[in-house]
Amino acid sequence: MPTHTSSIPTELRIIPRDQHPISRRGISPNALRVLYRLHEAGHRACLVGGAVRDLLAGLAPKDFDVATDATPEEVRHLFRNCRLIGRRFRLAHVVFGREIIEVATFRANIDDGSGDRQVHDDGRLLRDNVYGSIEDDAVRRDFTANALYYDIADFSVRDYVGGFEDVTHRVMRLIGDPETRYREDPVRMLRAIRLAGKLGFDIAEDTAAPLPGLAPLLSEAAPARLFEECLKMFLSGHAVASFEGLERHGLLAALFPETAAALASNRSGALRRMLVEGLRGTDRRVAMDEPVSPAFLFAVLLWPAYCRSLMALQAQGLHTVEAERRAADRVTLHQLSTIALPRRFSLPMQEIWLMQARFSQRQRKRVVRTLSHPRFRAAFDFLVLRRAASPAHEDDIAFWQEAQGDPDMAIAHQADPGISDGADGEVPRKRRRRRRRHAAGE
Ligand code: ATP
Ligand code: MG
């Protein structure tokens with residue numbers, strides 16, 4: 001079947017070693033080993049994709065992919081530490097301890113990202129891919145910046161679609177007709193936002209223009225793939241840039257419909273402030289190499305939706321505790337139709353939300369129980385985050401900060417008797433006011 005990419009014109013430009021900044025010092029020694037061995041065996045061997053793009057943009061690549069005219073079987077015969085993966089389109093993985101160099105044979109036709117293992121794992125129907133020339137391989141890629149080849153034969157960069165110039169001008173541009181390419185694979189819309197955010201690139205005008213109109217196509221993408229793409233967008237150190245990009249290009253509502261609706265109706269902007277602050281914290285942690293959890297991330301991303309749902313349920317007269325539980329379930333369930341958030345993340349996410357109400361309790365038994373809850377740390381960090389939305393949480397933050405060291409001291413320090421719940425569970429007036437603010441997400 002002829003595909004769109006076969007009609008995309010190419011024009012080869014070779015950028016010699018002395019006219020580009022890529023040095024072998026920036027390339028993983030294992031990737032170089034693979035490139036040299038293929039080359040010495042008489043094959044064409046190039047570094048390709050994100051690694052070439054990142055090196056040209058002055059970033060350290062997170063992995064190194066190799067493209068070659070050797071078939072996977074030929075690759076396997078050259079490397080002892082090689083395994084072949086993929087069913088319809090086979091890829092070679094050359095394994096060096098924890099580093100895997102992915103070696104792909106030049107291929108033709110469109111790519112729906114199916115070279116990725118996670119797409120295979122979805123069981124999604126894969127399109128037929130056939131081996132092709134290096135030109136075919138270039139035009140089936142998504143962005144011009146991703147279609148550059150660093151050739152180990154002469155250390156030149158080979159550019160078939162104008163990617164070198166685009167990287168120089170810091171522009172993300174789709175190869176071919178943008179609308180056609182988004183329709184082939186809607187996840188490319190998210191890749192545009194994510195890569196522009198990561199690299200600090202602009203999105204070319206004709207690449208950006210179709211985004212708001214095509215946003216609904218995202219609902220056709222596999223929810224598991226959207227989950228993976230979300231992790232890449234928000235847990236790679238560029239969460240704020242990704243979020244702002246989604247907003248700017250009209251994609252937020254397609255990915256997080258209920259959060260988008262809640263943000264739109266929250267006139268004070270408190271919910272958005274808190275969400276962005278949460279993403280900023282995530283970016284800081286990634287920058288400092290600290291662990292980040294998808295559960296906490298999604299607790300942040302869906303908190304506006306949770307608050308909105310909670311308010312609606314309370315307005316229907318539901319008791320707070322019941323309303324909280326139902327709001328958490330409802331928001332999770334609705335979001336699952338777009339993004340396949342696995343239960344091992346959605347359950348702790350819900351716990352983080354449901355624990356927020358516990359932070360206003362001062363009864364000794366409850367305080368001790370809250371402190372020993374396995375989700376205490378994450379829930380407390382979340383409470384601290386809510387300060388970005390409202391100063392109303394200062395008292396609670398101070399209390400729980402102290403309670404972590406000495407719960408009895410913290411309780412004794414509660415000078416204002418109005419703060420503690422009565423033994424009979426009667427909620428004092430001040431408390432009630434605060435609960436309403438909590439429901440409003442502030
Ligand atoms: P990073 O690894 O920094 O997230 P990347 O560009 O390397 O970015 P990968 O998902 O590793 O992203 O993909 C490797 C290469 O495969 C890309 O550079 C691109 O050339 C090609 N590619 C990936 N996804 C698609 C897609 N959906 N459509 C077309 N080509 C794609
Ligand atoms: Mg990559």
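Just so it is clear, glycine is given a Cβ too, placed from its N, Cα and C backbone atoms.
Annotations in TrEMBL come from automatic prediction, not curation.
Annotated in TrEMBL:
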DOMAIN    47-173  domain 'Poly A polymerase head'
ACT_SITE  ASP63  active site
ACT_SITE  ASP65  active site
ACT_SITE  ASP142  active site
DOMAIN    200-262  domain 'tRNA nucleotidyltransferase/poly(A) polymerase RNA and SrmB- binding'
DOMAIN    316-437  domain 'Polymerase A arginine-rich C-terminal'
REGION    409-442  region 'Disordered'
COMPBIAS  429-442  compositional bias 'Basic residues'
Checklist entry - Averaged over the domain 'tRNA nucleotidyltransferase/poly(A) polymerase RNA and SrmB- binding' (200-262), what pLDDT does the prediction give? => result 97
Checklist outcome for this item: Residues near ASP65 (active site) by Cβ (under 8 Å) yet at least 6 apart in sequence within the same chain, in sequence order, are LEU47, VAL48, GLY49, GLY50, ALA51, ILE101, GLU102, VAL103, ALA104
Checklist entry - Which residue counts does DSSP give the domain 'Poly A polymerase head' (47-173) for helix, strand and coil? => result 35 helix, 38 strand, 54 coil
Item to check | Entry from the active-site residues list ASP63, ASP142 having the most other CB atoms no farther than 10 A | outcome: ASP142
